[in-house]
Structures are given as structure tokens and as C-alpha cells.
Amino acid sequence: MRSEGVLDTTKDNHKELANDKKRDYSQYFQTTYAPPSLKDAKKRGKEQVQILKDFSIPENLKDIGVGKKFYIRTYGCQMNEHDTEVMAGILNEMGYETTDSTEDADIILLNTCAIRENAENKVFGELGHLKHTKANNPNLLLGVCGCMSQEESVVNRILSTYPQVDMIFGTHNIHRLPQIIENALFSKEMVVEVWSKEGDIVENLPRKRKGNVKGWVNIMYGCDKFCTYCIVPYTRGKERSRHPQDIIEEVRQLAREGYKEVTLLGQNVNAYGKDFEDLDYGLGDLMDEIRKIDIPRLRFTTSHPRDFDDRLIEVLAKGGNIVDHIHLPVQHGNSDILKLMARKYTREHYLELVGKIKAAVPNAALTTDIIVGFPNETEEQFEETLSLVKEVEYDAAYTFIYSPREGTPAAKMVDNVPMEVKRERLQRLNAVLNDISLEKNKAYVGKVVEVLVEGESKKNPNVLTGHTGSNKVVNFKAPKHLIGEIVKVRVTDAKTWNLGGEWVEEKSEVVS
Ligand code: SAM
Ligand code: SF4
């Protein structure tokens with residue numbers, strides 16, 4: 001089931017509409033416009049995923065951006081960062097060049113994140129600021145894309161309150177960017193194009209990667225897990241895996257171009273291959289093939305504990321270029337809350353999996369995501385999160401206060417936990433996590449680690465910074481020509497968030 005549509009309305013019309021903030025504008029335009037629909041986005045039919053390889057920039061749009069500049073601000077996860085690389089690639093092929101200033105941009109795109117309310121508020125705040133930029137430069141095209149565009153409430157709000165926006169397009173419409181820009185430019189009309197479809201795969205999109213050292217490679221799109229708190233399955237469509245050959249070819253190309261690190265991307269990479277009808281092939285099989293490619297570091301994210309299988313653990317144990325870092329979001333330490341979250345594993349299953357991973361990859365650094373203050377979380381249940389954190393001894397964690405997302409099942413749950421209790425729990429959790437991180441980092445002091453040098457430290461341009469395979473940030477002094485290389489560093493100093501060290505040229509025993 002899919003709904004697709006384009007809304008065209010003149011700017012004059014649009015201003016008129018902006019006067020009435022309470023109206024549902026999708027209703028208003030229903031003859032010409034199929035609005036994003038979370039209900040449609042939730043459906044998972046039998047319709048086959050189409051693999052499209054026919055992307056091209058129409059002849060009349062190839063030079064349309066010559067002499068013009070674009071600016072993309074990206075919010076949220078690596079998936080969004082990578083989508084930005086694709087949009088930058090498309091814009092480059094249309095002649096546009098990048099700029100890091102909104103003031104001299106001819107196109108500004110906000111690639112948005114819908115995961116929590118404060119992520120959305122940042123975007124609305126930015127749209128407010130950009131009103132002035134638009135007023136100073138009426139020829140500017142301002143677009144909103146990414147996960148927020150997939151929500152009908154957001155589209156309605158933009159239509160009613162932010163007339164400075166020229167284009168809204170969804171996560172399934174990125175390959176339509178040239179046509180969307182053409183509509184916005186030539187007809188000078190507001191363009192809304194958001195497909196609430198289950199999703200296809202467009203293989204031959206251009207990409208302008210950020211840097212030439214670390215590359216992201218999508219292995220799958222979408223999510224079918226429907227954790228009760230999460231908006232992603234609605235905004236990103238159904239799970240659909242890229243064909244192994246297409247992924248392997250992309251990684252080989254990055255290796256040929258001299259990239260040092262590849263991260264395989266998906267919302268739930270462990271479900272890779274489950275949607276293949278005629279192929280029994282999973283993430284373990286894919287990693288086993290990719291690890292043979294001459295690329296120094298191979299990462300993958302994000303893992304879902306439910307689908308993390310023994311085949312993958314067996315391949316991770318082979319080491320080599322597969323880094324010893326696994327991001328394994330647990331979300332909560334109490335099995336009843338995990339059930340309410342529909343995570344489909346218990347505390348015991350999770351701990352058993354961690355045990356297996358630690359046995360197979362003894363040096364593995366484990367990181368996680370945790371939500372506190374899920375509706376009606378009791379003090380005892382929260383303490384189970386604390387005890388799980390102490391038991392696993394995570395190297396680091398992303399921690400969040402639960403944020404209700406309209407349209408998700410958890411948003412309908414009545415919640416008796418006051419916000420100040422949620423905040424206090426978050427602080428207690430972070431204190432425990434920080435103590436563990438510091439202890440873990442102290443264990444590195446005196447050891448020599450391999451660091452992929454990413455650039456100058458933001459705080460001090462005389463210091464270089466990079467990551468170990470285990471994802472520790474290491475700061476050290478060394479010549480700038482080492483940027484982009486993997487070098488050895490002796491750790492001299494450990495803090496909660498990073499390590500300090502000295503560059504070593506001689507051969508030493510390397511721990512990570
Ligand atoms: N697919 C990944 C997984 O399942 O682990 C994570 C995707 S999501 C972009 C990243 C993290 O955001 C989640 O792991 C979760 O901790 C957090 N998150 C998602 N929805 C949330 C919500 N409604 N409130 C607070 N945190 C949320
Ligand atoms: Fe969201 Fe759960 Fe899917 Fe992760 S697995 S993207 S948390 S629904």
C-alpha cells in the first residue's frame with residue numbers, strides 16, 4: 001500500500017493559509033495532494049521491493065545549478081548523514097556547489113530527525129531563524145526533508161506556520177530532488193512531495209562523501225521492529241536489504257579510492273537479508289565477504305539484540321579488519337519494560353548474548369542506547385537498568401529521556417512518572433556510566449593503540465584527534481600529514497570521554 005502525491009499551491013495562497021493555524025491543510029488539498037500518512041507508513045504488505053537503477057538527472061536540469069550554491073544542515077543519525085551525502089551528490093550533478101554559510105546559499109535543505117521532540121523543536125527553531133535569510137534573499141529555495149517530513153502533523157505545521165519553506169520532501173523522495181527543485185524554481189510554487197510507501201531501493205544515486213577517509217555504506221533501509229516508542233518504522237519504511245553484490249562493489253570502490261574505514265549502515269543491520277526470498281544470506285555472511293576486502297577497518301551499526309545470531313558472532317571472532325566495537329542498544333534493564341517496548345528480548349536473553357560476544361571477542365568494547373522514564377517505569381525497574389549497566393560494563397552509552405512520538409503505541413500510554421523524576425534518573429544513570437567509562441579508559445594507560453587520524457582537535461589545532469578500532473577518541477600531538485592515516489599512539493592519560501597519548505613511530509605491541 002502506498003500513497004504518493006504532489007501538492008502545488010501558489011505562495012499567495014500559502015500566505016492566506018498561514019493565517020489559520022488550526023486547520024488540517026492536508027484535507028484542504030485532498031484533491032491534488034496525498035499527505036504523508038503514518039497509518040499508511042505502518043502497513044507492511046506483500047508488495048515486492050523494487051530495485052531501481054535508472055536514476056539520472058534530466059537533461060534540462062543538468063546545468064541548472066551552475067554558479068549557485070547549496071547548504072544542507074543534517075540532524076540525527078548516520079542514516080541522515082549519509083542521505084545528505086546522496087543529496088549533495090545529486091546537487092553537484094546539477095551544477096550546484098557546496099557552501100558552509102546559509103547567507104550565500106541558493107538552496108538550503110534541513111535534513112531532519114523525528115526521534116525525539118527536542119530534535120524536532122531544533123528544526124522549528126531553525127526555520128524561524130531562516131525566515132530572515134529568506135527575506136534577505138527571496139530567490140533562496142528553502143527545503144525540509146528527512147524523517148520529520150514523513151509526519152503529517154509536521155507537514156501541517158509547516159504549511160500553517162512557516163510560509164518561508166518552499167519544498168517539503170520525504171525520505172522516499174530523495175531521488176526526486178531534481179524534479180522537486182525544478183517545480184519549486186520554475187513554477188515558484190510550494191512543493192510538497194512525501195510518499196508514505198513501504199519503500200524501494202534506488203541503487204545508482206550519486207554521492208558526495210564527507211571526506212575521503214571514512215565511508216558509510218547502507219546495507220539495508222527501513223525497520224520492521226516497531227518498538228512501541230519509536231517513529232523510525234513509520235518514517236523509513238519497511239526493512240529492505242540491498243543485494244550483496246551491490247554492497248560489496250561499493251565497499252571495493254571505497255577501498256580502491258583509499259578509504260581507511262567503512263561503516264555498514266542500517267536501523268537494524270542484524271535483520272539484513274531476512275527479506276530475500278530466494279537467498280539464505282545474513283549479516284554474518286556479508287561481513288565474512290567484506291572482511292576480505294582490503295579496507296583497514298570495518299564497522300557496522302546499529303545492531304538489534306533480537307536478530308544478533310551465532311553466525312555473526314563466529315565471523316566477528318575472526319577479527320582482522322572487523323573492529324572490536326559493538327553497539328548493542330539495550331534500551332532498558334527490566335524485562336517487563338522491554339516487553340512494553342516490544343523489544344522482543346528479555347534482560348536474561350540480552351545478558352546471555354553479551355556473554356557470548358565477550359567470549360568470542362574478548363577485547364570487544366560494548367556501547368549501548370538506553371531510555372529512562374518509559375511510561376510508568378518504577379524505581380525498582382529503573383534500578384534494574386543500573387544493575388544491568390554495571391554487569392555489562394559498557395564503554396559508553398547514549399542515554400535518553402523517553403519522548404512520546406505521536407502515532408506510536410507508547411504515546412497512548414498514560415504516564416505517572418513526573419519529569420523531574422525522569423531527569424533525576426537520567427543523571428543517576430549517567431553518573432554510573434561515566435564511572436565505568438573512566439575505569440575502562442584508565443586500563444588503556446601505558447598501552448599502544450592504533451588510531452585513525454581524523455583531523456585537528458576542535459579545542460586545539462596543534463593536537464590531532466582520531467578513533468581507535470574500539471571507538472575511543474584519542475588526542476595526541478603529531479605532524480599534520482598523518483591526517484587520514486592509521487598511526488600508533490601510546491596512551492598516557494585517560495578521561496571519561498577520551499584518551500590522551502604520544503605518537504610512536506617504532507613497532508610496539510598494539511592492543512586495539
Ligand atoms: N535502530 C536502533 C536500535 O533499535 O537500537 C536505534 C535507532 S534510534 C535512531 C536511536 C535511539 O534513539 C534508540 O536506540 C533509542 O534509544 C532512542 N529513541 C528512539 N525513540 C525514542 C523515543 N521516543 N524517546 C527517547 N528515545 C528514543
Ligand atoms: Fe526504532 Fe526499534 Fe527500529 Fe531501532 S529497532 S529503529 S528503536 S523501531
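Including glycine, each Cβ sits where the backbone N, Cα and C put it.
Model, not experiment: these values are computed from the prediction.
Sequence annotations record features per position, and here TrEMBL assigns region 'Disordered' to 1-23. If you look up TrEMBL, you'll see 68-186 marked as domain 'MTTase N-terminal'. Positions annotated as [4Fe-4S] cluster 1 binding site by TrEMBL: Cys77, Cys113, Cys147. Look at TrEMBL and you will find 209-439 tagged as domain 'Radical SAM core'. Look at TrEMBL and you will find Cys223, Cys227, Cys230 tagged as [4Fe-4S] cluster 2 binding site. Look at TrEMBL and you will find 442-505 tagged as domain 'TRAM'.
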Residue among binding-site residues Cys223, Cys227, Cys230 with Cα closest to the Cα of Cys113 ([4Fe-4S] cluster 1 binding site): Cys230
8 Å Cβ shell about Cys223, Cys227, Cys230 centroid, [4Fe-4S] cluster 2 site members excluded: Lys225, Phe226, Tyr229, Ile231, Val232, Pro233, Gln267, Asn268
For Cys223 ([4Fe-4S] cluster 2 binding site), nearby residues of its own chain (Cβ under 8 Å, 6 or more apart in sequence): Cys230, Val232, Pro233, Arg236, Glu239, Gln267, Asn268
Tally of residues which DSSP labels helix, strand or coil - the domain 'MTTase N-terminal' (68-186): 63 helix, 23 strand, 33 coil
Composition by DSSP (helix, strand, coil) of residues within the domain 'TRAM' (442-505): 4 helix, 34 strand, 26 coil
Listed binding-site residues adjacent to ligand 1, that is, members of Cys77, Cys113, Cys147, Cys230 whose C-beta is under 6 A away: Cys77, Cys230
Most crowded position, judged by CB atoms within 10 A, among Cys77, Cys113, Cys147, Cys227, Cys230 as binding-site residues: Cys147
Contacting binding-site residues, sequence order - Cys77, Cys113, Cys147, Cys223, Cys227, Cys230 vs ligand 2, Cβ under 6 Å: Cys223, Cys227, Cys230
Length of the line joining the Cα atoms of Cys77 ([4Fe-4S] cluster 1 binding site) and Cys227 ([4Fe-4S] cluster 2 binding site), in Å: 17
Distance [Cα-Cα, Å, rounded] between Cys227 ([4Fe-4S] cluster 2 binding site) and Cys147 ([4Fe-4S] cluster 1 binding site): 17
